[in-house]
Each structure stands twice: as structure tokens, then as C-alpha cells.
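Chemist: What Swiss-Prot records for 21-28, 108-112, 162-165 is GTP binding site. Summarising the annotation, Swiss-Prot assigns domain 'tr-type G' to 12-309.
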Amino acid sequence: MAVQVAKKTPLRRVRNIGIMAHIDAGKTTTTERILLYTGLTHKLGEVHDGNAVMDWMAQERERGITITSAATTVFWGGIEGSAKNGKKDSQEGRHSRIPEQYRINIIDTPGHVDFTVEVERSLRVLDGAIALFDSVAGVEPQSETVWRQADKYRVPRIAFVNKMDRIGADFYHAVETMRQRLGANPVPVQLPIGAEADFVGIVDLVEMKAIIYKDDLGAEWDETEIPEELRERAEEYRERLIEAAAEHDEEVMVAYLEGEEIEPDRIRAALRKATLELQITPVFVGSAFKNKGIQPLLDGVIDYLPSPLDVPPVRGKTLDGEEASREPDEEAPLAALAFKVQADPHVGKLTYIRVYSGTLKAGSYVMNTTKGVRERVGRLLQMHANTREQRDEVYAGELVAAVGLSNTSTGDTLVAVDDPHPIVLEQMVFPEPVIDQAIEPKTKADQEKLSQALQRLAEEDPTFRVRTDEETGQTVIAGMGELHLEIILDRLTREFKVDANIGKPQVAYRETIRRRVEGVEGRFVRQTGGRGQYGHAIINMEPHEGGYEFEDRIVGGVIPRDYIPAVDKGIREALESGVLAGYPVVDVKVELVDGSYHEVDSSEMAFQIAGSMAAKEALKRARPVLLEPIMAVEVTVPEEFMGDVMGDLSSRRGQIQGMDSRGNSQVIRAMVPLAEMFGYATSLRSRTQGRATFTMQFDHYAEVPQNIAEKIAER
């Protein structure tokens, strides 16, 4: 499919969005339909007879467009030859009310809990999102997690209540669960007409009219009066909508109080403002599978979600540690963030980049300020639904995939080589893996292949780690859950053709400290004929939320600048294996405060060892404790098994957080240590005759009770 790309879309007409959803809320279908209709708009310019359009859609549907790309670009609105020539009622003009063409970049976000990192990473680079909900289930556990992540990044959202054709579909219940379980402020801008098999259309509350679909492909519909039986409800919801708009717009408030009729455009502008301020979530409704409600949803993306100009400038620090920010302006200095690395069979390593400011040119050199290395940008590729397009340059606010960045990984910042004030954008913080598995190749010949493949996979995915166990010499892989590691193993055989044996999943314990220690010394001196070795470092160490931090507080050159990174490296090495049970140490801050060196005998190696010695000693003194992953568990269970299931969770050291009823089942929410959850699926099945289901996802690390910690340390 050839894609006509406008040379440059003004920033106000760009939308960078993601579709966030629970695993089965219908995300793939919704995304496919969006690609279908946006692809269709290109065809519509050429095709002036409705049948051809219908044929094309049927074909496209049979072929099924799927996204394998991390960012896909589509266009919507401003169809040539339809809205522009006044044929508003002709077939084509009905697809979008929007008179100009907008560029929508869709960033793919996975729905499974083991991939929260993927969601975090996409939320970081998108400006707005569509939150998808299943009209039967309403808010599900994963929807809550993703919603909380989107709150953290302050991402404005619109909601789409999908699957209105399903048995048990209940739009109003779904909206209520958004209010109760997410603490959101949902404002329906549409209501469904009918439900389940009788779902035939939508009431547009802004324009106060009904859209009744005439065909299965969602390409033809009639705009009519609102059905009599829905009139009263529509007026009640319209009233709420206007109130929500009035709260955020004084002119609308005045008009509302004086009982004036308010123009739809004015309402949309007020709702847009409230959405961008995260005060409300406009709610749309439809059935992607039945092709209903997708075009109005796309109009909603343009009406209510932000352009790069509507979000605050991206923040970071200069190399001196001063706060800095970059405005979304192509004339400004380049600042770009690599948000995903993907192995691609055709071009090798693809690095997906969001350009926040300035212009990125193919073939140019850039500086990776996170790592302090120069990189050459090879080709720049714009991904569309099923084609790639080469770009010579990419501007602020855009997303692109780059070929040739060999040293750049997820979360790295790229700036111009000659930038006098380079910036390092805020780093992405990824959760610690919670599950370990030993892995070995089936044949000795595969050893080299296996370690290369694992290295490649670890590059792509920051929550997947590979390490060698010091005591056993085994290779250990770690990830966010059993499914995560299963998929990694599947990719090993499928993409890298490596067969491996794996051990049983183990809990990935961590160690940390509980008190500050000062003036801890590491001194490495070796005098054996010829040149000696001399390294001496004095550190303070303290507990520190949010990972490892190293602070250089050396004054007066007592340790030369060149050796300071070596001390940091030595400390990091020491933290890989804690003093209690050899697990990695997390959440500590180390200050390098003093030390000494020898003109002749000092070397990087000596200071690395000194740093490592100081850190090991500090860990012993700083009250080390063992941490274990605690999982948020949700069990959906028929009433009669409630007591039994709750008793079982408590016996697994679980803490019950609360209960809800959902339909005729009860939902129990609990925090349970991962160590107690192995084999839970089988146990739950036998306790409830297979009628209960559960989901679990990592929530936080917590201190292991003393008696259990002692047993773990003895292993």
C-alpha cells in the first residue's frame, strides 16, 4: 500500500497515542480497525463509488492488518474530494467531521501483566491514550495497573467501551467501574443504542443526534433523531456533559447558567481543556469487531487528545546536573529518546526514537549523552500499517525507527554532536525482575550461540536480565513472571534456533540495607617485585529509594578524576552479590568522600578493587536485610468457596486488601509473597472445582520475615 505522506504535518495536527487495555478488551481488533479506516481514507480520495470501498475493506479484513511495529503512522481527516467539495452527505464525507488531515502515531502497548515494562516505556513517549474497556467486565486488574502508570506519567486519556455486541454488555456498569475502581471522572460523550445482538448504533451527546449503522462494515450509517425510548436518558447525560464542560470553561458556564444553546464546537473545546488537565475522561462506545464506533473514536482522538504542543516541555539535566528542558520546536537543538530496541530480520537492530525537539537527519552523527558515545544514524524508517517509508529527516514531535545505532539502548538520550549545552533526558526506571531460572544449552556447541542470543534479548528488554551465578557457574535468566520467561525461551528456539534446558523457576530475592554507615574504607595494596598496586577509597552508604546512586564528593584531587569511574564500577560489582545470601543489592546510595593514591602504583584496576572492598564492608555494617517480591493477586471466585480461598491465601502469608462483588462472583484482592504462589493455579482449581480464576502481578519488594530469611540464607 503506497502511503501519501505530507512533507510535514504542523505540530498542532500531530497526535502521539497509545491504546492501553486489559489483555482481552479487544485491542488488536480495535487497532486493526483503526488501520483499516485510516488506510481507507487514502483510498477514498480515488474511489468515488461506494461499492469499491466496500470490496476493499472486505479484502483488507480477510488479509487482516496486524502491527508488529512499535510505532505506526496513520492519517485521519481532511479527505480530498469529500468534505472539501461540500458533498457532506456523500459516502466519503461521512467518515470524519475533521476538515484537515492529522498525523496519528500509534505506539503499541501490550496488555499482559508480565510486560508492564513495555507499557511504561510506551507511556513515556506518547502524549495521550485511548483506554479500552470490555463492556461486560468493565475495569479489570490489568486496566488498573495501566491506569496507574498513565497517571504517573500524566497522560490524558479518552475511554472506549468496546465489545457492545457481547452477551452481558453493560455500558453503564463499565463506566461506573471506571469511577469506583480507577477513581477516574468518566464523562460519556456517546451512549449505546441497544446492546448485545441489538447494538445498532450510538447517540452522539455533543451533537445530540443518533448514528444508526446500516451495514456490517461500519462504512454506511444514517444520522437520525435520537430514539424516543433513549431521549430522556440522553438528555440527562447531555446535561452532565455540559456541566463537566462548564466547570472548566467560564464562557460555557455563563451560557449554561443563562440557558443558552451551546455550540458543539464550544463544548468540544471545553471538554478538550478538561481532558488535557486530566480532570475528565471522555467515554466513547462501540464494537470494534462489528466495525461500529471506530470513526467517531478517531475524531475523538483529534478532538480531545493532546498534540506535542499541549504537553509540558520534556525535562532532563545538563551534563553538570542542572535542570533543563526542551520545547517541541524543530528549530531548537536536537533532543531525542530511544524508547525501544528491536531485532529486525531485514535490517538488524532497529532503535525506535521519539524526537522531542530539533531535527534528526539520516546519515548524521549524534551524541548519546547517557553513555557519552558518538553514534552514526544510518537510515530512518517511518512505519505504516504494512509498509515502511524511508525518511531523510524527522522533526520535533515525531516517532521514527533508526538503523545503525549500535551502542544505544532503551532510555538513552540522543543530541547533536555540536550541541554546546547537551541534555540528558530523564532516565526510564524499570522494575527489578521477580523470577529466576537457570538455563543451559542442550549441546555444548550451542553455548556461544545461547549467550549471544540472551545478550541480544537483554538489549531489547530492560526487565530481562542475564547473569552468571558465582557459586554454581550456571547462567541465570530473570524476568517479570513465568509467561515472560516462556516467551523468551520461545524466541530463543524460533528466532535464534537455540535449544536450551531450563531449571525450575525460583524467586528473585534482593538484598538492601536499613541504616546509614560512614567512613568505610577499602584499601588495596600489593607490593610484589616491580610495579605495585595501590587503591584506597572511603565511602558512606545509605538506603535510597529508586535504585543505585553514586555521588562523587572528592575534593582537592585526593583521588584523581580518571579513577573515580573505576571506584563506581567496583561498587556496582560488589552490589551484584549481597552479604546475606548472595542476591543482588538494590536501593542504596554511595558517596565517595575520601581516599588516597600513589603516583606510580595506582591504576584503574586497583581502585576498582578498593571500591568493591569498601562496598562489601559497608554492606555488612549497614544492617542488611533480605527482600522478596510481593504480588498483587486477584481471585474471582463463586460465593460458596469464599471462606476456603481466603483461608488459603492467609496461610500463604497473604494480606487480604479488600473484596468486591462482580456479577455473581466475589473478587478477593490480596498481597501475597511470590514464594508462596508457586503451584497456586492447581491448588485453586481443586479447591473451587475449577470455577475460580486468578491474576497476579508484581507490586513491590518487601522485607522477608526473620525466620524465613534465615532459612533462605542457609540454602
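The backbone N, Cα and C atoms fix where each Cβ goes, and this holds for glycine too.
Keep in mind it's a predicted model, so treat the numbers as computed, not measured.
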Chemist: Which of the three DSSP-derived classes (helix, strand, coil) applies to ALA21 (GTP binding site)?
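Modeler: Reduced to three states, the DSSP call for ALA21 (GTP binding site) is strand.
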Chemist: Could you tell me the mean pLDDT over the domain 'tr-type G' (12-309), as a whole number?
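Modeler: Taking every residue of the domain 'tr-type G' (12-309) together, the mean pLDDT is 79.
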Chemist: Take the Cβ of MET164 (GTP binding site) and count every other Cβ within 10 Å, whichever protein chain it belongs to.
Modeler: 29
Chemist: Once the chains shown are all counted, how many other Cβ atoms turn up within 10 Å of the Cβ of LYS27 (GTP binding site)?
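Modeler: Its Cβ shell of radius 10 Å holds 23 other Cβ atoms.
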Chemist: Between the binding-site residues ALA21, THR109, where is the Cβ count within 10 Å the lowest?
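Modeler: Sparsest of the binding-site residues ALA21, THR109 by Cβ contacts within 10 Å: THR109.
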Chemist: Does DSSP give LYS27 (GTP binding site) helix, strand or coil?
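Modeler: Its secondary structure by DSSP: helix.
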